Each structure stands twice: as C-alpha cells, then as structure tokens.
Amino acid sequence: ISTMSVAYKDQLYAELKKQHNQNGTLFEDPEFPATNSSVYYTKTPPEGLQWKRPGEICENPRLFVEGISSHDLNQGTQGNCWMVAACASLALRRDLWENVIPDWKEQEWDSNYAGIFHFRFWIFGQWTDVVIDDWLPTDKHGRLINCHSKQNNEFWSALLEKAYAKLFGCYESLVGGNTGDAVVDFSGAVAEAIDLQKEKYNEQDKLFGNLLKVWEHNGIISSSINTQEFELESRMDNGLVRGHAYSVTDVKRVSLGHGLQTHFKNETIPLIRLRNPWGKAEWTGAWSDSSEEWSKVGDAERSNLGITVADNGEFWMSFTDWCKNFTDVDICHLMNTSLISIRKNWNEKVHFGKWTRNSDPLLNRCGGCTNHMETFLQNPQYLFDVTKESDKVLISLQQKDRRIYRKEGQGENLSIGFTILKVEVNRKYRLHKYVTQQEMNEFNHTNSRTVFNRIELPQGRYVVIPTTFKPFIEGEFMLRLYTDVDSGCRSNQICALESRDIVIKSSLRSAWSKTSSINPYVIISCEGQSVRSTTKKNSLTPVFEFSAIFYRKKVAEPLTVQLWTDDLGSDKFLGEVLLYGRPDDVSHTQHLQLKNKGSKKADNMPGKIILMIETSNELTAF
C-alpha cells in the first residue's frame, strides 16, 4: 500500500509548524477548535470541562515514554473502546504505527515545539495527513477525559485520538464502532468480520488454525461479546465485559508439562491473549493470571509468555472458553502485494464506484439486491477472470464512512453486499439477463462499513455486482479484489454494440464420445471469433458448463461447436455441430449428433453434444 498522503483540509504540517516557529506562537486549529462542539453534539458537557495543552497538565510532556506499548492506552469516558482496541493492536506493529505517527522523533517535544502534531489515516483508499493542535479536553481537575496513557506525561494516544475525532467531526462521533474499521483506517488492511454464532464454527481446531495463521502473517484480530443495548459495557461474573471490544495480543499453542516430560509427551493447548482497553477488568476463569492451570506449564514457557499477576487489562484464556464467550471477531488481513517477498503475494485490483440514480434503466446504477430482480442488474458491474484451474478469490466492498454526518442525524451506514455471477467466457458487455447465470455466492446484506467474502472459484469469467439492499439508494464504494494470478478486473460500463443485428448465446452443458480415453475440449466459433473451453482429463462424458456470447452481423452463417481431444499434445477432431440461431427460435436444451467436417460433413461421428442456444435481435437481451 502506497504511503503517499494528501493533506486533510489542505493543512500542511511542515509549513504550519515552520510558520509558528518563526513567529514564536503555538498553533491553534481553526478546523477543530477547543470548544464544546468538538467534544459533544448531543450530550451536555460535564461541569468544569476545560481544554489544556500537555504542558499545563504535567511537567516534561512527551509523545512517547520508554517507547510504545499496547499497555500505554486506557479508554476515557467516551464509549470508543473499538478505536482504543485498534490502537492497542497498532502499538504491537512498529511498521504500522510509524506510518500512522510519521516523523515521530521530529514531533517529540523539543526546542521546536509549536503545539502542532500530525497523524496519517487510510481513509477510503487514500492516506490522509491530519494536523491538530494539542489542546486536549480535561475535567475540572485537569485530568484527560478521553483516551490517555498509564504514564501521566505520555500523550501519543490522546493526540492520535484527537486527530481521529477531527476526521469525524467531534469526539462523540467516535462512540460505538467496529474495531476492524479503525484497524483498516490505521493500516489499509482488508477487514473480515466473523459471527461465531452464525458461522457455526463447530470445528474449533480449524478456526484456531486459521487465526494462528492470520496472526503469524501479521494480521490484526479483535473480538467482542454481542449484547442488548441496556447491557452494554456491563461486567459478567467471569470478568468479561459485554458489548466491549478486546484486542487480541497473541495466539499460541502452549506446551504442557515440565522438562523432558514436555519434550516427549508433546501435549499442547491452544490459548489466546486479549487486552481490555480499560487497562483493567480481566477474565477470571481458567488460564487467567493467577489460575492453577499455569502449574501445568513449565517455568521457561511461563517466562516466554510473560505471565504476570497484575490487573493491567491483559489476560490469557483457553481457545475453547474464548469461543464459548465471544460472539464477534474482526480479522484484518495485511495483504502482501509485493512481488519481492518470501511471503505469499496477492494480485490486487481496486475500483472506486458510485450507486447513482437515473430514470433511464440503461443508465441507472442503484438497482438494489436480488430481491429486486427487475432492477438488480442496473447496478455497477465488474468483470474478472480466473485463469488457473481454480483460484481463491478475496473480495472486500467498503462504503464511504458516514460517521461524519452523525451531527446532522444522517450517520447510518447503508446496507450493502455483492453478488458474484459466472458469465460467458468471452463476455465484454454489461449483463442484462439474470435467469441463466450461475450465482456463486450467498450473501446477506449488512450495514457494516465493509463486507468481505473469500471463495474458491473454478476457471472462467465472472461479474461481481456491488449493491445496496434497496434500489435507488445512492452512495460511494470501494471494491478490492485479490487473486493469486492477475484477474484483469475491470469496470463494465458498455451495454452492447449497436452495429450488430442479433445476439446469440451458446451454453454447453456436456458431451460424450465413444472414442476411448480422451481429454476433450470444445471450441465455439462464430463470424471469425472463437472461444475454447478448458480440457477435461480422461473423460468420455465431460461436463463443461461453458457458455459463450456473440454479437452477429451475418445471420445466415452458422455457429460452429467442435469437440476435440488433446491426445499427448496432438489435437484430434472428434466432431462438430452447426447451429443456425434465429430470433424467433424457442430456446431449449438440444442433444445433437456430432458430424464430420468439410466434404464429409454429412457423416455422423460417434458422440453427442448437449447444449442450449438463445438468440435475440435485442442486443441487451442477455
């Protein structure tokens, strides 16, 4: 991900700092003033609310004290545990926090201090540099009311929170959110939400293996316990807090036993370590700080795990207990797109689009989900190819964040999702008919900022259609698609060629031949254009599920479907059928006898092809 950034509100940090250094003044941010409206938009400010610069709060203020740690952060009075949990995860990754907190050594308090700081966030696909002054809201006793460090004179977390609040209008706009969204804003990662209740993760070993792999590949994980609104942030008997975001700070298989016993027995237990953004209130069950389970672990292993008996908000628990208690997991994948890497690299395609309304069906681009089939295909469409025999495809659809509109009472996310359809291998134009297409994914729309799906797809051409749940809802989105091999993903804007008379679509179901031991494939040709299917290995009755579409001018010429076999590198003709599709023909499945070609075209060949032909003089029929 490129780290080139744009200046938020056109405020350039270096220029502003230089100007105030020259004038001997401290920066005051006109875009985010030290007023009540920058803290609250519905709540009444607490009595005695006052703004102070760090130098008025303590002696010797610092950006960092003894480096940066996930233990630095403690949540304030605002209900923004989701953002604080993301900050704790950020603190574990130097490569990430050094990007979010740029030039941190230069920003540290020194003789050039000018009351100005800046932070970078990945906002809707673009790194954005946000400048702030260092006025911070405090209570009547001069204590920070929002995020703060355990060290009284450390301010990186409070200043980072202020910059993030500025992006969304005020501190109160940060109340309630998704940790995955904040991690994406801090890193450009791809967010995946897992509902442990709906996903039916009965295979805990498989889930743990997946999370361990994510962790080992530097992914970021958080989890929470879903609850009713009246129970939000209430503490359970086991010490966990309902409706509260916890950052995952380690995932491990821990060896049980001591010394040689451990070496030979090789018994392990899956454990997960979490941190409460409050900096206190920990899990009290098995594998908590002082539980008897730790007696099963050798001294060296305990030392490696950093076990301490302290109410610092960080604790271990068994993966089984984690699955029983937590309901929602956010996984943020840091996708490696570098070609020079020992890790798996992904091919990335990114598209920015809009759902826009138009009274002309051919121009309307907000058609709603498949519940609204009359308008569904009017949505934006993106073609992509799977060129391998099969490929794992990761798709992320992110809508533009609406949190900034909360002050105006319009901050709710749209309900979004996407549908993947398999289409003809040579399709170039927009899809207009849904009936005969093959839907590849089942997707429930959600009002999350981001929706994600991973799917294994066979070779072929596909269209992904981002949608809102209801039609005629406008909005902006970013579509990211990741494959092992370049997918050629592109926006599909054009409807059809006007210089053609009819469109014909051939959908090949299967074929069979009496020839022994063949590796069959099919070639469909029309007016000088040809497409070829994949080769089916060692099959006398191959199932192709292969379709092609042609826009025709020479209606009298036939469409040719030929069956061939790849015989040790020497292609052998097995037969063909000629088809004359006319607009008034009734579409139906046909079982056609293979024929010879050329001068022997009247001769039957041993085999048949099963297919369907659809023809129309309306070019947008399919």
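Backbone N, Cα and C define each Cβ position, glycine as well.
Annotated features in TrEMBL:
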- 26-335: domain 'Calpain catalytic' (DOMAIN)
- CYS81: active site (ACT_SITE)
- HIS244: active site (ACT_SITE)
- ASN276: active site (ACT_SITE)
- 473-596: domain 'C2' (DOMAIN)
- line: One should report the C-alpha separation between HIS244 (active site) and CYS81 (active site), rounded to whole angstrom, as 7
Alpha-carbon spacing, ASN276 (active site) to CYS81 (active site), which is rounded to whole Å: 8
Query: So what pLDDT does the domain 'C2' (473-596) average out to?
result: 87
Statement: Taking all protein chains shown into account, the Cβ-based neighbour count within 10 Å for HIS244 (active site) is 23
- prompt: Including all protein chains shown, what's the count of other C-beta atoms within 10 A of the C-beta of CYS81 (active site)?
  reply: 26
Message: Neighbour count, 10 Å Cβ-Cβ cut-off, for ASN276 (active site): what number do you get?
response: 27
- prompt: Could you count the residues of the domain 'C2' (473-596) that DSSP puts in helix, in strand and in coil?
  reply: 0 helix, 70 strand, 54 coil
